[in-house]
Each structure stands twice: as structure tokens, then as C-alpha cells.
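This report concerns only the one structure given below.
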Amino acid sequence: MSLTKKIAYNTFVQFNGKIISTIIGVVIVGLITRHLGQAGYGQYTTVLAFVQFFAVIVDLGLYLVLIQEISDPQVDEKQAVSNIFTIKLISALFFFVLAPIVVLAFPYAAIVKQGVILMSASFFLFTLAQVLVALFQKHLNMDRIIGAEVVGRLAFLVTVVLVVVFNKGLLFVILGNVVFNIIYFGIIFFLARGYTKFSFGFEFVYWKKVWHRAWPIALTSLLTLVYFKADTVILSIYQSESHVGIYGATYKVLEIIGTFPHMFLGLILPILTTAYVTKNIDRFKRIYQKVFDFFLIITIPLIVGTMLLADRIMVLIAGEEFLASGGVLKILIWATAIIFFASLFGYIILAIDRQKKMIPYYVITAGISLILYFWLIPKYSYWAAAGATLFVEALYMIFAYLISYKYSKVGIHLKIFFKVLLASLLMGLFIYLFFFLHVIILLILAVIIYLVFLYLFKGINKEILRELKAPR
């Protein structure tokens, strides 16, 4: 299979697999929110946000470093995977033991602190699995990752259904998360050893080399976390569990959608890196522009549709008790769209190996976000959290684009923008006129209407469809 066909196949599988995984994830969220209610889901959100802080620290930038390392033909794949996996294992053990200790200093209910212990075990397995995903991305076998995720999520769904049936509480819901990650890690670990028989690696000279490449990514990831997750933690300190639940239900939608650009760009990063290193700038420009256009095609109708249907979407997902989340979603959907492009510009910076240049801007963004969160959240609760999140995501996107352009000298054009916008507005008109339909039917028809108009306006054409279509 040619490289182009492999990329097309992996994109096709990822896109469809992510749809399946997203549907399962949405059903899980719906069951949990309805079962736990605003306050209970607020506790669940607090546990997740707290442990995710440590999960990002644990990453240390190793996932992206491993992708870059094994993309180099001169690098010994077994050596790279063995050593980086060992570093990840040691750091994960340290920080996920630390998390349940640190949470004792926070003014949370006992059940939240107990939840942190369970969730730390879950994330320990997840972070180990994630670093191995680099192998599948290099070999363009992301269908296996999608399969593992879907199987794990189905197990999580079954666990949550049992929790609801037997009327169990928060800790049993978190146990479902543990089950998911046991299955996910087991599948990934077993399949990864099919590529290379990695083991523990303690080559400290190589560790030093890895750390030299990883620390800028680790630092920027940590600073990103400050403005991406600090809002939920600060909200949990100053506001009620119900407010955290309202915000958390909406934020979960953002997180589910926001995983797609990172998965997609993880496939593209080795190709972008190779094109830039080999000075094939025309190829670099072409891939960059196609990804940008693809993200426009996804995000503009996403914004238009959500602005019209946010309340109904949140009631459908989380239940009537979470109607207030609809207003928050109207703000956060803009932040979600921005994440697509911010991620793209960030990966361009990685491809040209200029991530150190972004560090001052990460510091500025993180500092501004903390000021906004501590200043506004005590007064305006989840509205402040959502508004501040949108602002800092936009600020980061601007910084990332400026740095990527400065050092790559490659820009992007907006030729497709107005075609996508017009198709999206016509889709919005359809939603407005047929608002009386059930929201699921309305969403399906709206997507069809959008794609038809986009095709008629030549926003997509037969050539692009052939490129994106998976080979049989």
C-alpha cells in the first residue's frame, strides 16, 4: 500500500472510529450525569481535573519525542522505545503516588479524595499506553488504536450500566474508568511488541539526549495545562459541586471533540517533519494547507450548528438537570474550534523543531489565564471559566501562528473559507426552519445539507473525496 493510501486509510479509520468512540463516550456521559446529578457529576469532574494535572506532568513530552525519534531512519527503534517507555514508567509511578497525597491538602469531600486514588491508578495505565501509540503512528496502523479504544469504551459503558442498575455511587463509576484503561493498556502493550520487542532501558546517556529534546515540550505541556484545566480546579474550590457539574458536562463535550485534531495531527507530524528536514518545502506547504482547509470544513459548521442547538444538545446528552450547560456550550464551542487551529500551528512548530521559542508565550498565556480565573471565577462561576478559556485559547492560537510563520516562512490562505461559511450558514437556515424536528434527526439532516452545499460550492471536489476515501 502506498504512503498516500496508508494516510488516507488511517484518516478514514480514525474519523469513523472517533465517531463510534464519541457516540459511546456521549452515552457514558449521559448515563453518569443522569445517575449522579449536578453535584455528583461535579465531584466526578473534580477528580478527573485533579488527576489530569499529574497526567500531563507525567507525560514529560515523551510521546512526541518518541514520534520524532522513531521517524528518524538512523535511530534504533528498540532502543528508543525501551528507554522512553522506562522513563515514562518511573515518572508515572512517582507522580501518580504523589497525587493522592497532594489532594489531602484540598478542601474536598472524602469521597473525592478516595476517587483521586482510584483515578490515579486508571491514569497510570493510560499514560503508559499513550507513549506506545507513537509506534502505531509511525507504522500508520492507527486502526488498531481505534479498535483498542472502542473495546475499552464498551467495557466502560457496560460497567456504568451496571452501576446505574445496581444504584452504586461515584467510586464505582471511577472503577469503570479503571476497567477501560486496563483493557486499553493491555491491548496496546501486546500489539506494540509486535513492532519491536522493547524491554526496560537504562541507557542514561540516551536518557540525557531524550530529556534535552523533551523538556521544552514538557514545560509547554505543563503551562498549557494551567490554562486548560486550572479553571475546573479553581471552580471546584470557589463554587459548589453543582456549578462544577454544569461546567464539567459541557467541558466533557469539548474534550471529546478536541481529541480529534491531536490524533489526526499525530499521523501528519512525521510526514511534516520529514518534508521540512529534507527541505521539500512545497510538500510541507501543501500538507499544511490541506490540513488547515480540512479543519475549516469541520469547525465552521460545528460552531453554527452548536450556536443554534446548544441547549437541546446538552439536554439530550446530560438530561434536563443540565439545561444551564447549553449556554456554557455556546461559549466553549468557539474554544473547541480554536483548539483545532492552535493544535495545527503547535504541531508545525514541533515539525520545524522550534518549540523552545514558544516557551515565553506559554508563560504569558498561563499567567494571564490564572489571573482571569482567580479574579473572575469567584464572582461569575462557570460563565467566567468558559469566557476566560475562550480568551486564552484564542491568545495561544495567535502566538502559535506567529511563531510558526516566523520560523517556517510558510503561511496559509483562506480560499476555501467563504465557501465553507456559506454552506454552514445555509445549513444553519435549515436548522432554524426545521427546528421542530427531533434534535438527532435535525443534526443528521443538517450534516447532509452542509456537505451537499459544500460540494456544490466546490469546497470539496471529487479529487479530494478520492484522496480521503479509504482503499478497499
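Backbone N, Cα and C define each Cβ position, glycine as well.
Features as listed in TrEMBL:
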TRANSMEM  12-32  transmembrane segment
TRANSMEM  44-66  transmembrane segment
TRANSMEM  87-110  transmembrane segment
TRANSMEM  116-136  transmembrane segment
TRANSMEM  172-193  transmembrane segment
TRANSMEM  214-239  transmembrane segment
TRANSMEM  259-279  transmembrane segment
TRANSMEM  291-319  transmembrane segment
TRANSMEM  359-376  transmembrane segment
TRANSMEM  382-404  transmembrane segment
TRANSMEM  416-434  transmembrane segment
TRANSMEM  440-457  transmembrane segment
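The transmembrane segment (214-239) is not in contact with the transmembrane segment (416-434), judged by fewer than 3 CB-CB distances under 8 Å for residue pairs 6 or more apart in sequence.
Comparison of 116-136, 172-193, 291-319, 359-376, 382-404 by number of C-beta pairs under 8 angstroms to the transmembrane segment (259-279) places 291-319 first. Taking pairs at least six residues apart, the transmembrane segment (291-319) and the transmembrane segment (382-404) share fewer than three Cβ pairs below 8 Å and do not count as touching.
Remote same-chain residues near the transmembrane segment (116-136) are listed as 47-48, 50-52, 54-55, 58-59, 62-63, 66-67, 70, 77, 81, 84-85, 88-89, 92-93, 96-97, 99-100, 103, 142, 144-145, 148, 171, 174-175, 177-178, 180-182, 184-185, 188-189, 191-192, 195-196, 266 (criterion: CB distance under 8 Å, separation of at least six residues from the stretch ends).
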